[in-house]
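Here is what Swiss-Prot records for this protein:
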ACT_SITE  174  active site, proton acceptor
BINDING   33, 34, 35, 36, 224  substrate binding site
BINDING   67, 124, 125, 126, 127, 128, 129, 130  ATP binding site
BINDING   130, 162  Mg(2+) binding site
SITE      27  site 'Transition state stabilizer'
């Protein structure tokens, strides 16, 4: 998708040419799953698939918004005077939520606009289409109203929309990965301190292949909130003896020595994943820095095993993709990415093997699950921008 095609779509819907066009990427997480609300590290990257928008300012307080991805919703309208969540406003609640949270900061928001949105992220795939939308709206609002918020501040507003406006217990990784994305760079983020460091994603003869189960996952309908509550309860029990604020404060040995305090087999497994995954993420960052791709791949594999055995968030579809990927030539590693329960996995695949990889994994998946998977080679991209 480019400026011209999006502008044409906008003109067909609103009968005038747009004033500006914007883009916001999606994201993958290389490693560090379910660590962001446990005070641990994550290692995500923005990708070239994402969400586009064409925009024109209005001289009143009205908003008219349309998404080519949700055509049945039609043109949705709302006013600056009523930014409360309304289920009838469908996807427009992402824009309303960003406006609602930014309005709390005494920023001048004095007019509405017309907006045409078209994304190429697969729906409900776990590639963060919601965070992509939030950061897209942040970029548009930044431009529309001359806001002085920096990228990290806008990222935090996006998380507030998820937590306060939608009532979801999500961490900050998705918004951060997108809002702070850099081309060909992954981001090691300490979610406890918000310290971050970029790492060149120099994979040489290898590429990241995204594998889509085509099984929809709904964050609010999944066991995401249950897993978070389990980790919080395990932490509370550890804190009866240990002076820690998060599970991410522990290393593997410290956890093993004190796991008896949790006194519940399921909670021990959940907490063990959080602690060990955090350490794997740090080791993976170190491996990439040293160009040790074999070690990086082994850590990626270990992450999926933990997400399956200790955290129980994978499921038959993701396990079929990942376990089949492990058996293919030219594969360094593979794991689920995102919240799980469907959605996507990633594999680090030698470029020369990609076509055969997709064919073999695709055949096994369709034979096993009964419907085809989709595959995309990930390009690591910059964060939100005006085109």
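Here, residue 1 is simply the first one shown, and the rest follow in order.
Heads up, the Cβ atoms here are built off N, Cα and C, so glycines get one too.
Features as recorded by Swiss-Prot, highlighted on the structure.
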residue: 33; record: substrate binding site; contacts (Cβ under 8 Å, 6+ apart): 42, 277, 303, 307, 311, 335, 336, 337, 338, 340
residue: 35; record: substrate binding site; contacts (Cβ under 8 Å, 6+ apart): 41, 42, 191, 248, 274, 277, 278, 281
residue: 36; record: substrate binding site; contacts (Cβ under 8 Å, 6+ apart): 42, 171, 172, 173, 189, 191
residue: 67; record: ATP binding site; contacts (Cβ under 8 Å, 6+ apart): 73, 91, 116, 117, 118, 119
residue: 128; record: ATP binding site; contacts (Cβ under 8 Å, 6+ apart): 26, 27, 121, 174, 177, 178, 338
residue: 129; record: ATP binding site; contacts (Cβ under 8 Å, 6+ apart): 26, 51, 119, 121, 123
residue: 162; record: Mg(2+) binding site; contacts (Cβ under 8 Å, 6+ apart): 130, 131, 134, 168, 170, 175
residue: 224; record: substrate binding site; contacts (Cβ under 8 Å, 6+ apart): 169, 170, 339
Inter-residue C-alpha distance, residue 126 (ATP binding site) and residue 34 (substrate binding site) (nearest angstrom): 13
Residue 127 (ATP binding site), number of other Cβ atoms within 10 Å: 27
Residue 128 (ATP binding site) - helix vs strand vs coil (DSSP): coil
Neighbour tally for residue 34 (substrate binding site), based on other Cβ positions within 10 Å of its Cβ: 26
DSSP three-state assignment for residue 35 (substrate binding site): coil
Taking residues 67, 124, 125, 126, 127, 128, 129, 130, which bind ATP in the record, the widest Cα spacing (Å, whole number): 19
Most crowded position, judged by CB atoms within 10 A, among 124, 130 as binding-site residues: 130
